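Asker: Take this structure, written in structure tokens, and hold onto it; I'll ask about it next.
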Amino acid sequence: MSQEKYIMAIDQGTTSSRAIIFNQKGEKVSSSQKEFPQIFPHAGWVEHNANQIWNSVQSVIAGAFIESSIKPSQIEAIGITNQRETTVVWDKKTGVPIYNAIVWQSRQTAPIAEQLKQDGHTKMIHEKTGLVIDAYFSATKIRWILDHVPGAQERAEKGELLFGTIDTWLVWKLTDGAVHVTDYSNAARTMLYNIKDLTWDDEILELLNIPKDMLPEVKSNSEIYGKTAAFHFYGGEVPISGMAGDQQAALFGQLAFEPGMVKNTYGTGSFIIMNTGDEMQLSSNNLLTTIGYGINGKVHYALEGSIFIAGSAIQWLRDGLKMIETSPESEQLALASTSDDEVYVVPAFTGLGTPYWDSNARGSVFGLTRGTSKEDFVKATLQSIAYQVRDVIDTMQVDSGIDIQQLRVDGGAAMNNMLMQFQADILGIDIARAKNLETTALGAAFLAGLAVGYWEDMDALKELNATGQLFKASMNESRKEKLYKGWKRAVKATQVFTQEEDADDDAK
């Protein structure tokens, strides 16, 4: 009797790694998760030890097998999804990283980004990569490592060093150094990849003095890249056949295959992506243009809005302010609030993302009175997530000319019913919460399974991740717009506060 076959998704995130095994119905059969340490060398810097990431991945692969009694020989293919932009540079011969991985959130390379802007490269980089110049992306992180590790530039020029985002690093490790590749979606987040020509861009590489030999080969999101070395996959030589950055994997897992479909993942941050089809649309309002996925020889472009603080605002209530003991408790407290929504929290702890891109802004609170309670404060913090999403959705509609009718949602904070209802109200559209909230891992599994024929085609996937719950807008138009105007005033005041500080510094 033949054994049942499965797909394994490796979901390598910002704070933890997970391995999830899916069956042919797209159901989770087994999973394992392991956190790893965050490294904060200085204020605003965030780093990871790339070997600790690899160790955590090895651990969760084993954990998923142990929990389910599934054998490595039963895994038909592996899909990888990952925290994007996070940058690793390692020795080609030994496989040892020459510096910690610099994480997407880290601001240590902001001076390099600022210099690129001052030198007048904003338009050129935007037109080629679809991105704004920011420390968020990989390019300045590579430059920083080559500048700060003695001898690194020279070694890179000799072809002794390799660069990769986390997908590349994991494939390199799983194949024991046999394969150095990335995929369209991750390459599109480096600020080095020309998303129109689908090539590493020589002009940008020259500008940043980054040797092309360091860079991985760019592949589609669904094809066989290589096989695991048996000793790295508990005896199994299994095809690695799907890869996508976490937010693009979620777009695919949400089955947002048609132009105009939009998904939002409420994680640490909140990332809203709209499928714009086979045409690259440049934003004139600070959205990012990126590659959603490339499959069967066809690239699908996307517009993306990045919100830096979403779920982490709830963690701040729990860990920083000690207002709640668990994240789910925020919903009960918010529902108990009797305020008239006059309190606004602007959680700009690491600046503001789309559409403001103001890295100097810092968190602020407005509208407090003597009667403001803990419940009111918690509700305002949850509402801040929804207001930020409205900022992005409004911008997307202007840029794309598409009237968005529905937002597909997933991620941890999407479980908060109060937040989802307020999100529907403040947007005035339907919110469709996925039945299977593991959409990021599911997207990676779908991409891997398609490449090896585990699922026949994209139509076969459409039954596998239905809507779990629909939230419909119920707030009247005048109240909705009054609340949103208050939010816009709060954001403006937040920006003015730090601008005044910058002006004071300049005057000294």
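Every residue gets a Cβ built from N, Cα and C, even glycine.
Pasting the relevant annotations from Swiss-Prot:
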BINDING   T14, R84, E85, Y136, D246  sn-glycerol 3-phosphate binding site
BINDING   T14, R18, T268, G311, G412, N416  ADP binding site
BINDING   T14, T15, S16, T268, G311, Q315, G412  ATP binding site
BINDING   R84, E85, Y136, D246, Q247  glycerol binding site
MOD_RES   H232  phosphohistidine
Asker: Out of Q247, Q315, which of the binding-site residues is least crowded by other Cβ atoms within 10 Å?
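Answerer: Ranked by other Cβ atoms within 10 Å, the binding-site residues Q247, Q315 bottom out at Q315.
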Asker: Quick one: what's DSSP say for S16 (ATP binding site), helix, strand or coil?
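Answerer: DSSP call for S16 (ATP binding site): strand.
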Asker: Considering the binding-site residues T15, N416, which residue's Cβ sits among the greatest number of other Cβ atoms within 10 Å?
Answerer: N416
Asker: How many Å separate the Cα atoms of D246 (sn-glycerol 3-phosphate binding site) and T268 (ADP binding site)?
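Answerer: That separation, Cα to Cα, works out to 12 Å.
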Asker: Show, in sequence order, which residues other than R84, E85, Y136, D246, Q247 on the same chain lie with their Cβ within 8 Å of the centre of the Cβ atoms of the glycerol site.
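Answerer: Checked against the 8 Å cutoff, the neighbours are Q83, T86, W104, R189, G245, F271, S306.
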Asker: Restricting the comparison to the binding-site residues T268, Q315, G412, N416, which residue's C-alpha is spatially nearest the C-alpha of T14 (sn-glycerol 3-phosphate binding site)?
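Answerer: That would be T268, the closest of T268, Q315, G412, N416 to T14 (sn-glycerol 3-phosphate binding site).
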Asker: An 8 Å radius from the center of the T14, T15, S16, T268, G311, Q315, G412 Cβ atoms defines the neighbourhood of the ATP site; name the other residues of that chain inside it, in order.
Answerer: G13, G267, S312
Asker: Hey, how far is R18 (ADP binding site) from Y136 (sn-glycerol 3-phosphate binding site), Cα to Cα, in Å?
Answerer: 23
Asker: On a C-alpha basis, identify the one among T15, E85, H232 that is nearest to Q247 (glycerol binding site); the candidates are the recorded positions.
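Answerer: If we rank T15, E85, H232 by Cα distance to Q247 (glycerol binding site), first place goes to E85.
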Asker: Are there recorded positions among S16, R84, E85, Y136, H232 that sit within 10 Å of T268 (ADP binding site), Cα to Cα? If so, list them; otherwise say none.
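Answerer: Close recorded positions: none.
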Asker: Out of G311, G412, which of the binding-site residues has the smallest number of neighbouring Cβ atoms within 10 Å?
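Answerer: Relative to the other binding-site residues in G311, G412, G412 has the fewest Cβ atoms within 10 Å.
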